[in-house]
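Encoded as structure tokens, the structure appears first; notes follow it.
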Amino acid sequence: MDFQTLHQLSKTELHCHLDGSLSLSCIRQLAKMIDRKLPATDDELRRLVQAPADSENLGDYLKAFDFVAPLLQTKKALQLAAYDVVEQAAEENVRYIEIRFAPVFSLAGGLSLVEATQAVIEGLHQGMATYDIMAKALVCGMRQLPNTDNQTMFKTTAPLLGSTLVGGDFAGNEADFPTNVCAPAIKTAQSLGVPLTFHAGECHCPQNIAEAVRLGIPRIGHATACFDQPALIEKIVETGTTVELCLTSNLQTKAARTLAEFPYQALKKAGAKITINTDNRTVSNTTLTQEYQRYQQAFGTTAVDFLAFNLNAIDAAFIPDADKKSLRDRLHQDYATYC
């Protein structure tokens with residue numbers, strides 16, 4: 001399939017970070033709101049908000065987020081940001097997206113956890129009112145923060161769970177804060193009924209994936225380090241765990257130093273539930289269409305595969321069965337021409 005055909009395909013995305021996916025025009029708009037000077041050209045601005053091509057590791061990659069954080073400190077800024085990411089997704093025919101963010105990073109301007117979360121929800125509503133897309137939010141705990149901080153965040157935002165805020169995640173410095181360190185906050189979120197996904201296996205540490213699966217988390221973000229772990233892959237399949245793959249991001253962070261270290265083929269061969277994601281559209285300088293093209297070029301991924309992965313995403317989405325059915329029906333209809 002050529003790029004235009006890939007663009008036209010209906011898509012779903014489970015793993016997309018708000019702060020890592022703002023368009024350059026949105027970043028300029030947000031900076032203007034706080035009188036922050038930016039480079040005159042987009043090429044110069046990109047160098048500040050995109051991960052360097054020669055990132056040495058995940059920590060190096062995450063530095064690109066520092067530039068955007070001060071721009072997301074008001075309700076209006078968070079609304080605009082959420083709307084912007086929904087708009088980008090809708091423009092490449094994403095029919096369902098879950099956008100994740102850490103409300104704790106938007107408190108410097110005096111917002112509360114609830115106000116920050118509500119602002120993102122409002123931005124998603126505005127996006128859905130404008131575009132043909134279903135957009136949901138996930139709140140992220142940050143593994144480098146004390147468990148008490150993450151527990152407070154989940155306790156505070158759990159009452160907002162409903163039609164738009166649908167779940168939670170843990171992101172951040174995995175190398176120094178492995179899964180078992182986060183276990184108390186994970187268990188708190190689970191006890192509150194927060195559906196969870198979880199970043200694991202992004203730093204050559206398969207034990208973090210295994211521990212997340214053991215804790216009953218139904219979705220794993222990245223899971224890169226399972227590529228040469230057949231017993232772990234078998235456990236992923238056995239438990240029905242869904243994997244949120246992020247190819248471009250993993251190559252940038254060196255979570256996968258080569259395509260051979262990316263787990264797609266091993267997971268697919270084993271029958272695991274795979275989904276395709278951007279992770280961070282801006283930081284990784286990618287789109288979901290570009291990700292599809294990379295899978296097609298690297299692995300020979302077909303329209304039949306893409307449909308299956310999108311159906312996996314709908315199955316794993318934190319939404320009611322009625323919404324899943326309507327999305328599945330639409331995907332089958334939209335892919336009928338290609339499969």
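Easy rule for this one: first residue shown is 1, then count along the chain.
Any Cβ shown, glycine's included, is placed from N, Cα and C.
According to Swiss-Prot, the features are:
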type: ACT_SITE; residues: Glu202; note: active site, proton donor
type: BINDING; residues: His15, His17, His199, Asp279; note: Zn(2+) binding site
type: BINDING; residues: His17, Asp19, Gly172; note: substrate binding site
type: SITE; residues: His222; note: site 'Important for catalytic activity'
Cβ atoms near His222 (site 'Important for catalytic activity') (within 10 Å, other residues, all chains): 29
Cα separation, the residue listed as 'active site, proton donor' to Gly172 (substrate binding site) (Å, whole number): 10
8 Å Cβ shell about His17, Asp19, Gly172 centroid, substrate site members excluded: Leu18, Gly20, Leu62, Phe65, Arg100, Phe101, Ala102, Phe105, Cys140, Ala171, Asn280
Cβ-centroid neighbours of Zn(2+) site His15, His17, His199, Asp279, 8 Å, sequence order: Cys16, Gly20, Arg100, Asp169, Ala171, Gly221, His222, Glu244, Cys246, Ser249, Asn277, Asn280
Using Cα positions only, nearest of the recorded positions to Asp19 (substrate binding site) (His199, Glu202, His222, Asp279): Asp279
Cα separation, the residue listed as 'active site, proton donor' to His222 (site 'Important for catalytic activity') (Å, whole number): 6
C-beta crowding around His17 (Zn(2+) binding site), within 10 angstroms: 28
Which same-chain residues, if any, lie at least 6 apart from His15 (Zn(2+) binding site) yet have Cβ under 8 Å of it: Glu98, Arg100, Thr197, Gly221, Glu244, Cys246, Thr275, Asn277, Thr278, Asp279
Spatial separation of His17 (Zn(2+) binding site) from the residue listed as 'active site, proton donor' - C-alpha basis, Å: 15
Structural state of His15 (Zn(2+) binding site), classified by DSSP into three states: strand
Coarse DSSP state, helix versus strand versus coil, of His199 (Zn(2+) binding site): strand
Other C-beta atoms that fall within 10 angstroms of the C-beta of His199 (Zn(2+) binding site): 29
Mapped DSSP class for Gly172 (substrate binding site), helix or strand or coil: coil
